[in-house]
Amino acid sequence: MTNIKKTGRRTMPEQSGKVQTVLGLIEPGQLGRTMTHEHLTMTFECSHVPPAPGDEGLAAAPIEMKHLHWLQQNPYSHSENLLLNQEIEAVKEELLCYRKAGGGSIVENTTTGITRNLPVLRKLAKETGVHIIAGAGYYVDVTHSDETRKMTVEKLTDIIVSEVLHGADGTDIRCGVIGEIGTSWPITESEKKVLRATAHAQTQLGCPVIIHPGRNKAAPGEAIRILQEAGGNISKTVMSHLDRTLFDQQELLEFAKMGSYLEYDLFGTEMLNYPFNLDVDMPSDSQRVQALAFLIREGYEDRILIAHDIHTKHRLTKYGGHGFSHILKNIVPKMLSRGITQNQVDKILIENPKQWLTFK
Ligand SMILES: CC(=O)NCCS(=O)(=O)O
């Protein structure tokens, strides 16, 4: 049963002033260094890309050292690679390393449509000591069920609110953010309804929101406009995946003025051909650090968040990948060597996630 305090402003949930993890409420100061966009268990079959002619054998072969480069360049063409949910033990080992490297918390962005597994998240949190914050709501349109598509905004709002206040997927495990809310490009009617429901739920709950934009430079702005028109709190909303979406500095600054958090969350992903949009040149980690330094120079250090968005097997250290500690071990030293101060690093990894994740 949820404890509700009434104030003149709005109905205040018991979450107000706290962060909600899969093990319950914590004080914001307990979070520590936080990766704001990861997945610990999910499936990504919805994004399978057929292998190039001649590569069918590689796409069906077990993951082996000699195929690693092919896999890194074609991660979405290998069906087994898309089943991160088969790697719970490996993820647990990674989380223990993440803690040793100084990590405190992880926001687990798996929503309905990509196989959210809250009992596994709770088990991982208990066994590793990492604070895990789970995501409410729905991924992109191709994963929406017929039932979801038929729902009104009011019904979707009720479900999202309930996932935060009472628990999701038939469990009593409560989500601590809404998202990642999936949008495609162009944004579909079903996704627009989910965005409006997200804004309405956020208004009731005062909670953090995180959006997955479509793969087009107009997508982040359009998603924020829909949330804004539905009354969402943009200053408590994260726009994910900017590293594969907005490249032009002036366009980035125009978007930044809208007031959301700006997330660079594909650290560790370096690939020549980005199969979901071949016009995109996926940046390197060095270029991501340059983008962070640019935003800091432009006065946005309070708005930046970073993560790896691990969502496939090959990015785990078990498969020769960079793992969940890459930012702490490799990217932070690079940031410092490029003139970003320790104070700014701490803002990006500790203070900004804390501000975002604390319920109003
Ligand atoms: C799980 C997820 O949505 N990851 C983002 C992949 S993308 O290529 O940046 O869209």
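Any Cβ shown, glycine's included, is placed from N, Cα and C.
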Divalent metal cation 2 binding in TrEMBL involves His212, His241; of Glu180, Glu189, Glu191, Glu270, the partner in that site is Glu180
Which of Asp302, Asp309 shares the divalent metal cation 1 site with His37, His39, Glu180 in TrEMBL? The record says Asp309
Candidates His39, Glu180, Asp309 (binding-site residues) passing the 10 Å Cα cutoff around His212 (divalent metal cation 2 binding site) are Glu180
Counting only residues outside His37, His39, Glu180, Asp309 in the same chain, those with C-beta within 8 angstroms of the divalent metal cation 1 site's C-beta centroid are Glu38, Val107, Glu108, Asn109, Thr110, His212, Ser240, Asp265, Ala307, Ile310, His311
Neighbours of His241 (divalent metal cation 2 binding site) among binding-site residues His39, Glu180, Asp309 (C-alpha cutoff 10 angstroms), in sequence order, are Asp309
Across the binding-site residues (His37, His39, His212, His241), the Cβ with the fewest other Cβ atoms inside 10 Å is that of His241
